[in-house]
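Taken verbatim from Swiss-Prot:
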type	residues	note
ACT_SITE	GLU181	active site, proton acceptor
BINDING	ASP45, SER46, ASP84, LYS112	3-methyl-2-oxobutanoate binding site
BINDING	ASP45, ASP84, GLU114	Mg(2+) binding site
Amino acid sequence: MKPTTIASLQKCKQDKKRFATITAYDYSFAKLFAEEGLNVMLVGDSLGMTVQGHDSTLPVTVADIAYHTAAVRRGAPNCLLLADLPFMAYATPEQAFENAATVMRAGANMVKIEGGEWLVETVQMLTERAVPVCGHLGLTPQSVNIFGGYKVQGRGDEAGDQLLSDALALEAAGAQLLVLECVPVELAKRITEALAIPVIGIGAGNVTDGQILVMHDAFGITGGHIPKFAKNFLAETGDIRAAVRQYMAEVESGVYPGEEHSFH
């Protein structure tokens, strides 16, 4: 199988072809996703909640991310694999580079970091040293204590303009992908159209270039609160492989996320 690359996603954006991505944390699910053609995966610090049972992503360490990244890479050797740098793993550019090197050696193709213009120097340093970067704006879970909970971000002209400014700054610094989480559809559209790099949405409507879901949300195995943007594809299909195929098909056709999964 031909490897999926950042260039593959750039071509999807140019061709206006939506693409699906998903979180993965272990060998078996990564292998299954790859076999079904779902070839862009994220080892997210969401594993702190979905795998480790914490109430936030904050306890996750670089060692945790590296461990799960290696497992996913063994299951999906040709996927485009993103890995989160967890809380306090990129407080300085130098620290970011050291920790990025750890997860890249474990098998990641790219690191994802949360934050806006304050990260410009870090993004520049990483990209200059051959570490591809995916930005993450909107609801950034590592900042949950500042936000006062998991809330929609970017509502109102001032907040929306700031997120757009952040997105443009990250792109100019060298970021090659951007995740937008829990923002109004209208703002997601503005940002997606303003950037040359692919934008992946989660809770950002169907106007972004791609979509991502936490695998536990996609299969309805998340305990407690279910995010508005989540959809249980396993409930409709009764089979994990069929659920993966349906998720991909609905993203590519624009059916998912629907209005009921979106914010304004």
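Any Cβ shown, glycine's included, is placed from N, Cα and C.
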Distance from the residue listed as 'active site, proton acceptor' back to LYS112 (3-methyl-2-oxobutanoate binding site), taken between C-alpha atoms, in Å: 13
ASP45 (3-methyl-2-oxobutanoate binding site), number of other Cβ atoms within 10 Å: 29
Cβ-based neighbourhood (8 Å from the centroid) of the Mg(2+) site, residues ASP45, ASP84, GLU114 excluded: GLY44, SER46, THR57, VAL60, LEU85, PRO86, PHE87, LYS112, ILE113, HIS136, THR140, PRO141, GLN142
Those binding-site residues, out of ASP45, SER46, ASP84, that come within 10 angstroms of GLU114 (Mg(2+) binding site) at the Cα: ASP84
Cβ packing number for ASP84 (3-methyl-2-oxobutanoate binding site), 10 Å threshold: 31
Pairwise CA distance, SER46 (3-methyl-2-oxobutanoate binding site) versus GLU181 (active site, proton acceptor), rounded so that it is a whole Å: 13
Which of SER46, LYS112, GLU181, all recorded positions, has a Cβ with the fewest other Cβ atoms inside 10 Å: SER46
Around the Cβ of GLU114 (Mg(2+) binding site), the count of other Cβ atoms that are within 10 Å: 23
Inter-residue C-alpha distance, ASP84 (3-methyl-2-oxobutanoate binding site) and GLU181 (active site, proton acceptor) (nearest angstrom): 14
